[in-house]
Structure formats: C-alpha cells, structure tokens
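Here is what TrEMBL records for this protein:
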REGION    1-29  region 'Disordered'
DOMAIN    27-57  domain 'TFIIB-type'
BINDING   31, 34, 49, 52  Zn(2+) binding site
REGION    75-95  region 'Disordered'
COMPBIAS  84-95  compositional bias 'Polar residues'
REPEAT    143-226  repeat '1'
REPEAT    237-318  repeat '2'
C-alpha cells in the first residue's frame, strides 16, 4: 500500500517528461517569430520559415551523397557502399563463403562434432550457390577464365571483359555443341585483343586445355554471333611486353615502333603474323641501339621460331632502307 503513491508520482513525472519532449519537438518545427511552419532547404543547407521567410538555421551538414542519380541503375553504379560486385564470379560476389579452416573466431580448433557440422554447412552452401546446371556451367567457365588470365599475366579489366563475353554467350545459347573450355579460351583471346594487350594464339593455346584449331574456330564463331568489335592485332601492341621481357631500354622500344611504322607504310605487314613482326622489330631495334640480345632470347619471349624472326628481320631492314632511299 505504501508503494502506491510512489508509483503514481513516477508515472506523473514520466508523463510530464514526455509532454515536455513533445512540446520541445513542436517548438523546433515552428518559427520562433511567427510560429509558422519550418521547411528544410537541402540545396542551400538552410531551415526557413515558409510564412515569414526567417532563416532559423544555416550551413547545415548534408549527410547524403555528393552525387546525383536519376534512376536505380545509375544509383547502384555510383554508390560506394556495400559489397563490391564483379562479373568474374558466377554470383557476382554477393554470396557468403564459409572458411575452410576449422577454427572459431578466436583461432581455436573446432571439436570433431563442430567440424562435421561445418562440413555439412559448406556442402549445402555450395549447393545453394550453384542451384542449376547453368550456374554450374558459369562457375566452371569463370574459373577457367581466371586461371588462364592469371597464367598469361592479363589485368583485371581483361578478366572482367572476358567474363561478360562468356555470360553473353551463355545467355544467347551459343554453347551447345562446344566445350566450356573452348568458349572460355575464345573469350579470353577476344577480351585481350579488345583491351589492346593481345596474346598470340600460341600463347593462348599453351595455357588452355583445348587445341589451337578449336580455339580459332570457336573464337570466330563467338565474335560473329555476338557481333564483337575486335580490331586486327597491331604488331606495335606486342612491343612493350617483348621489350620488357628482354629488359631493353626505352630507346630500343621506340626504335622498334619506328621500324614497324615504316614497315606498315611499305605494306610489309600485310599477310604477316603481327607477333613475328613485333619480335623481329624488337630484335632489330636491340641491334641498332647496341643492346645485347639473341634471336633465341627473343624467340623464348615471343614464343615464335627463330626462322620467322630472321625472315621478318630482313624484311623490316629492307623496308627501312627503301624508305630511306625514297
């Protein structure tokens, strides 16, 4: 019975506090001069009375993004929060992986029962990530693309492009009758050429699990069916990689480019392998700048025969002499 007045006083105190908070909130939303409604001008960072025009607050902090978007796609593209997405993973990197190490958050080893439980969870997690044959196909193909791109030293943008090309081929039903490895390899070959960091067909075949003829055939098919814009390989695009592999100077690289440009003016490059021309130009440039290198070393870097290098070498020098005489 003695506690009843005390409880009543507590309830009254809480009620008064709530009323005071409500009144304070109402005052915050009312103009202190005319009690009119206040509106927030986000563009100018001001809180203004819409009746008398009094600026109640200015220079307020805008906690929104500094960019503007006009649709959902643009908003997702510009947003810098959340997990990054990538086309190089079949689920675009939005799923969760369960660590293969059987340890808890403190680094302690799990017991036998917990290890069995985690193994079951990993198995079910993998099943949910690849729910149908299309996703399993995509997962295998993207793994192949990543493996080959890594072996060829291709940058991330080439891997992304190759993954997008493969997704298009899968969506447009181009795979029946062709192997996953063959289409994956063709996508890497096309993406590298589109990015201006081409690799020769022999280099691609060395890291692929399919034959060179199948790669070439599948590449032509994918390019034709998807309407890809792939420019003919320029011999000059191979020069930086070959020069770097041989540790040549910038002067030698510049001279190799000049030789190839002269050859192009004389029409020497027509019908010739761009890899062979680039290798011969690098070899000739090294000799002209008095830098020590051998045909065997160039052959190893360019993955082309010494005979081809010698033949193209003489043709480049003849074009240089002819152009000089003209």
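Heads up, the Cβ atoms here are built off N, Cα and C, so glycines get one too.
Tertiary neighbourhood of the compositional bias 'Polar residues' (84-95): same-chain residues 125, 129-130, 135, 138-139, 142, 145-146, 159-160, 163-164, 167, selected by CB-CB distance under 8 Å and a gap of 6+ residues from either end. Across the repeat '2' (237-318), mean pLDDT in this model comes to 88. Sequence-ordered, the extra residues of this chain that approach the Zn(2+) site, with Cβ no more than 8 Å from the Cβ center of 31, 34, 49, 52, are 32, 33, 35, 36, 38, 50, 51, 53, 54. Taking the Cβ of residue 52 (Zn(2+) binding site) as centre and 10 Å as the limit, one finds 11 other Cβ atoms among all the protein chains shown. Taking all protein chains in view, 19 other C-beta atoms sit within 10 angstroms of the C-beta of residue 31 (Zn(2+) binding site). Of all the binding-site residues listed here (34, 49), the one with the fewest other CB atoms within 10 A of its own CB is 34. Under the three-state DSSP scheme, residue 31 (Zn(2+) binding site) falls in the coil class.
DSSP assigns residue 49 (Zn(2+) binding site) to a strand segment in the three-state reduction.
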